[in-house]
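Novice: Quick paste of what Swiss-Prot says about this protein:
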| type | residues | note |
| --- | --- | --- |
| BINDING | R99, C103, Y111, 162-165, 181-185, H193, N197, 262-265, Q269, K286 | ADP binding site |
| DISULFID | C23-C276 | disulfide bond |
| DISULFID | C103-C181 | disulfide bond |
| CARBOHYD | N7 | N-linked glycosylation site |
| CARBOHYD | N12 | N-linked glycosylation site |
| MOD_RES | S61 | phosphoserine |
| MOD_RES | S63 | phosphoserine |
| REGION | 321-347 | region 'Disordered' |
| TOPO_DOM | 1-33 | topological domain 'Extracellular' |
| TOPO_DOM | 57-67 | topological domain 'Cytoplasmic' |
| TOPO_DOM | 89-103 | topological domain 'Extracellular' |
| TOPO_DOM | 125-148 | topological domain 'Cytoplasmic' |
| TOPO_DOM | 169-191 | topological domain 'Extracellular' |
| TOPO_DOM | 214-239 | topological domain 'Cytoplasmic' |
| TOPO_DOM | 266-284 | topological domain 'Extracellular' |
| TOPO_DOM | 305-347 | topological domain 'Cytoplasmic' |
| TRANSMEM | 34-56 | transmembrane segment |
| TRANSMEM | 68-88 | transmembrane segment |
| TRANSMEM | 104-124 | transmembrane segment |
| TRANSMEM | 149-168 | transmembrane segment |
| TRANSMEM | 192-213 | transmembrane segment |
| TRANSMEM | 240-265 | transmembrane segment |
| TRANSMEM | 285-304 | transmembrane segment |
Amino acid sequence: MDVPGVNTTSANTTFSPGTSTLCVRDYKITQVLFPLLYTVLFFAGLITNSLAMRIFFQIRSKSNFIIFLKNTVISDLLMILTFPFKILSDAKLGAGPLRTLVCQVTSVTFYFTMYISISFLGLITIDRYLKTTRPFKTSSPSNLLGAKILSVVIWAFMFLISLPNMILTNRRPKDKDVTKCSFLKSEFGLVWHEIVNYICQVIFWINFLIVIVCYSLITKELYRSYVRTRGSAKVPKKKVNVKVFIIIAVFFICFVPFHFARIPYTLSQTRAVFDCSAENTLFYVKESTLWLTSLNACLDPFIYFFLCKSFRNSLTSMLRCSNSTSTSGTNKKKGQEGGEPSEETPM
């Protein structure tokens, strides 16, 4: 997989893959600006996702929706834990062994968790579509078991295709300042790197289509419902539309730009198909869009809040507990077990 932000052979130069052409690159932006941006994401994401994990693991896994959300929280938190290594490496604050660790472990983990999050977002979208068309259907034990098995399969599949990227990053750097991860990969490691890139592209575009198709159908269904009931003035149309566009906005902002830039950038790392100027441009585009994918870990908690009643009620209960311990037991029970007809909102 691509390696986030680790791309130099020395302070300001690199060699094009397969050639001995020296390519000068200005790293001031990646050494100063991006470490600051990732530091902001790290603290914001660590706080919000730790809180989200605490809340979700107080909620019983009584629906496919909750199961998928819990997996997303774990994935986001793992991604966030890779940020400090990237920050130190990009800012040139770590020694050579740290940069090798980034190439071999933490950058691979970053992409591993990214595509797990994308996969579960696709499953959540399908679940929301089914919930909209069949709002009163509850999850049976067999459905819950199927959701758990599917979750394990996703984690196992991504781990199996990611592990070789760690193992095949096994060349010793000739220079202590070498941080371009492609130089640390074996010949087959470069081939596998490219193969996994295309696999991940397929994963993304499948889930992209799922999000577009399902939410188009959801919007159509909600509009029909609105037309049927608009006389009663009970349908919060504007609120529902906001919920629809939260998912689409997050997907477009965080993931689409990076996946348009990823294939040409990977080719620039593994093949001599671009000149120096193009390689530098692709590098800056990749770094910028990669930061947007990292932003997803901070935006997902907002999705949990708007889509999941159990999460929203538990958060409200937790906030009330900070002001009044006398009502904590009642609020917690309401948040987790709820007397509402559904534990989550359809959208």
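Yeah, the Cβs are placed from backbone N, Cα and C, and that goes for glycine too.
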Novice: Relative to the transmembrane segment (34-56), which of 68-88, 149-168, 240-265, 285-304 accounts for the most Cβ pairs at distances under 8 Å?
Specialist: 68-88
Novice: About how far apart, in whole Å, are the alpha carbons (Cα) of R99 (ADP binding site) and S63 (phosphoserine)?
Specialist: 42
Novice: Tell me which of the recorded positions C23, C103, S162, N165, Q269 ends up closest to S61 (phosphoserine) in space, Cα to Cα.
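Specialist: Spatially nearest to S61 (phosphoserine) by Cα position is S162.
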Novice: Along the topological domain 'Cytoplasmic' (214-239), what average pLDDT does this model show?
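Specialist: Averaged over the topological domain 'Cytoplasmic' (214-239), per-residue pLDDT gives 71.
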Novice: Might you confirm whether the transmembrane segment (68-88) is in contact with the transmembrane segment (285-304), defined here as three or more C-beta pairs under 8 A between residues 6 or more apart in sequence?
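Specialist: The transmembrane segment (68-88) and the transmembrane segment (285-304): touching, yes.
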Novice: Compare the C-alpha of C23 (disulfide bond) with the C-alpha of each of the binding-site residues S162, F183, I263, Q269, and give the closest one.
Specialist: Q269
Novice: Quick one: of the recorded positions S63, C103, C181, C276, which has its CA closest to the CA of Q269 (ADP binding site)?
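Specialist: Of the recorded positions S63, C103, C181, C276, C181 has its Cα closest to that of Q269 (ADP binding site).
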Novice: Using a 10 Å radius around its CB, how many other CB atoms surround C103 (disulfide bond)?
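Specialist: Excluding its own Cβ, C103 (disulfide bond) sees 25 Cβ atoms within 10 Å.
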Novice: Work through the disulfide-bonded residues one by one (C103, C181, C276) and name whichever has its CA nearest to the CA of S162 (ADP binding site).
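Specialist: Checked the disulfide-bonded residues C103, C181, C276; minimum Cα distance to S162 (ADP binding site) goes to C103.
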Novice: Can you check which residues sit near I263 (ADP binding site), meaning Cβ under 8 Å from its Cβ, same chain, 6 or more apart in sequence, and list them in order?
Specialist: N197, Y198, Q201
Novice: Rounded to the nearest angstrom, how far is the Cα of C276 (disulfide bond) from the Cα of C181 (disulfide bond)?
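Specialist: If we compare the Cα positions of C181 (disulfide bond) and C276 (disulfide bond), the gap is 18 Å.
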